[in-house]
Each structure stands twice: as C-alpha cells, then as structure tokens.
Amino acid sequence: MDYATNSRPLLQDTDDRETGDSDDTFLDDNYAGSINASTSNIPAIQLAKDRSQASASSISTTTTAETRIVGSGNRIAPSDKYNFTYAVFYLMGMTTMVPWNFFVTAEEYWQYKFRNVSSNDTSSMTPRQLEFQSDLSIAAAVPGVVFLILNACVGHRIPLSLRMNGSLVLMLLIMMGTTALVRVDTDSWQDDFFNLTMLTVVVINSFSAILTGGLFGIAGQFSAHYMTAAVSGQALGGIFSAIADIIALTFASNPVTTAFVFFIIGCVVLLLSQILYIVMSKTLFFRYHTSATLMKSSLEADPTARDLCPRLEPRFPVVLRKIWLYGFSEWLIFVTTLSIYPAVTVLVGSQNHGRPWNDVYFLPVVNYLLFNTGDYLGRVFAGLFEWVNPPSKLISDSALIPCSS
C-alpha cells in the first residue's frame, strides 16, 4: 500500500530508470516525500477514530478535511479555490527578491547619498558611487548562499511557520528602518552610513534566503504548476520594483522623495505577503498538500505503523546525485548574468542628455526593466515547456560572450 505526501515527488525520475538509489524519503514539514511499502506486509493506517461511520462514498469535509488517505487508498483532493494559493505563491516568490530588487534598483538614491558633498560637480563619481553596486552584490550574495545551505542542512529542524513568518516580520522591520533612514541627513557620516547599509543588506538577505528555502520546500509538496509560480514570481519581483521606481521617478522631484516612496512600496509588499501567507496556510487546499505532519502523527500514534515505517532523515548525497546537473546549469546561468548585472550594467548611461528619457528613465528601463522582463519570460517558458530528456549535455551560455582582443 502506498502512502504519499506528494503525487509527484521532486526527485523522482519520470521514466523510473534510476537504479541503485533507495526510494526512502522523509516526513519533515520542509520536504515532500513518500512512504512505499508492500501491500502484503503493511496494513492500512486508520486515520479516523471511528472509521466505520464514514463510508468511502460520503465523507464529511469537516471531520476528514485533512485526511490524505481514506479507506483503501482513495484520496480527497480539495481544489485551489479562485487560484488563491497559486496567486500567493506568485506573490511570495516576488517577496523573496524584494530586498535584492529594491536595494539594487534605487540607484539614484545611493548615488545621492554617496555624492561628493564638498563639490557641486556631478560629472565625476566618488569611489563609493562607483563601487557601491559591487559591494551591494557581494553583501547580498554571500549571506544568501550561506543561509540557503544552512536551511537545506538544518532547516527542517526548525518549525516551518517560524521560518516563514519570522523571516517576513524581520524583513519588514529592516525595510522600515531603511525607509526611515531615507529622511535622515547622512552627509556628515557617509562612511558610517555605508557600513550600516551593508550590514542591513547582509541581515535582510540572510532572512530572505531562509524565506526562499522555506517557500521552495513548501512548493515541492504541490504540483509543478506551483513551483513555476514561485520561480516566476521571483522574476516578476524585478519587473515590479523597476516599474515602482519608474512611477516614483515620475511623480517625485528629488532622489530622497523618490526613494522614500519606493521603499514604502517595498514595505507594503512585505506586509501584504505576511497577511496572505497566514490566510493561505489556513486554507483546506494548503493543509491538504502540506499535511506531512498529519501522516507523521498518525504513524507515531500507531505502534505497528511506527515499527514498519521508521522515520528517515534526508540523505544529501542521494539528493545531489539526482539534481547535480540541473543545479550546475542554474549555477552557471547565475554566474554568467550576475557577474555583469547590476555591478557593470548600472554604469552604462545614455550618450545624449537634456531629455527625460536620457536623464531620468534610461537607467531604470534599459538596465532593470529590460533585464527582469527577459528573466521573467525565460522562467515562464521553462515552466510551460519542460525539456529534461536527455540531460546528458550542457550548452554553456558563456560561450556566447564575445571575446575582445
């Protein structure tokens, strides 16, 4: 008899040609797994106290709403009403990238904060202005990688609700502090403000990485449709931040006001994500797909099931052998793109001046909006057209980069 917490396990090959790897998985909140056993050895696990009063044809959703396996294997599958969960996954994907996108896109604000206050000459840039985007990229990427690894190793030991809600609350508080600093005159302590900003970037991106790991752990328990929503939402966040910056530039008269409105929008997104995630986590559809804890509790309550289905921990070598090719492909893409965006591309400016397009809108449109639009379309198409066989060869995007003599 097969007890499954996910109808399509993330690491299971579609053609079942894998040999030598065990199908044993685990039941933590953060992972989607399955318990496979012989029908001749493992009896059905009774998940209701009085199963005789609930027939297979008529089951009350109020008493067995969260029951994944009923009777002899029939499943109750609630629907995603109004695609609410799908939309929240999109929003949560956007939210994971809010710190990165909003800090990177507010280029005019950072240029103003780190300008040469002793001179009115705006044609020459200070070292802080030239190097800020590079420093920002490092401060965001390093803690992001570290905490994603930590989340994969020990994240399942921390309650999912604490990781998700705690990260969202702390990200919101840090973003509110950044918004408040916009109105503070930092001309006399630029170096200290720079150090404070880098510390803020490190901390907020650490919590963003924890949120990202938790989100994709949840998405792995749903169908691939919802994983695509979370991934596409990350790119949509870049488009959203670029459009928000353009709108702020249109109605604001100076960099300080523009940044203030811009960061307030980021705070609103974080707050909205917090509220909608709480609402989503209480829906029947969400609890149905994330009810690994129910299965775990049922196993622990039944001594026979507990002996026959022991608790298993994730085996990372097995996982890595299954996903290394796709992981390496993604790593190569990010290395290629993030090596030049935004640290290098932000230095590209229009050769003409005197018009709003050249002086105001060129950078946010050409650098941020265009890049993130391409990123979004690529992720959407990858979700619509899955091409995973054969996975034996890789074409390096770096080979397309022209070499200069």
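Sequential numbering from 1, following the chain as shown.
Glycine residues also receive a Cβ, built from the backbone N, Cα and C atoms like all the rest.
These come from TrEMBL:
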REGION    1-28  region 'Disordered'
COMPBIAS  13-27  compositional bias 'Acidic residues'
TRANSMEM  84-103  transmembrane segment
TRANSMEM  136-154  transmembrane segment
TRANSMEM  166-184  transmembrane segment
TRANSMEM  196-219  transmembrane segment
TRANSMEM  231-253  transmembrane segment
TRANSMEM  259-279  transmembrane segment
TRANSMEM  323-344  transmembrane segment
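Between the transmembrane segment (196-219) and the stretches 84-103, 136-154, 166-184, 231-253, 259-279, it is 136-154 that has the most C-beta pairs under 8 angstroms. Contact counts against the transmembrane segment (166-184), taken as Cβ pairs under 8 Å, peak for 259-279 among the stretches 136-154, 231-253, 259-279, 323-344. Sequence-remote contacts of a segment are chain residues at least 6 beyond its ends whose Cβ falls under 8 Å from one of its Cβ atoms, and for the transmembrane segment (136-154) they are 99-100, 103-104, 163, 198, 201-203, 205-210, 212-214, 316, 338, 342-343.
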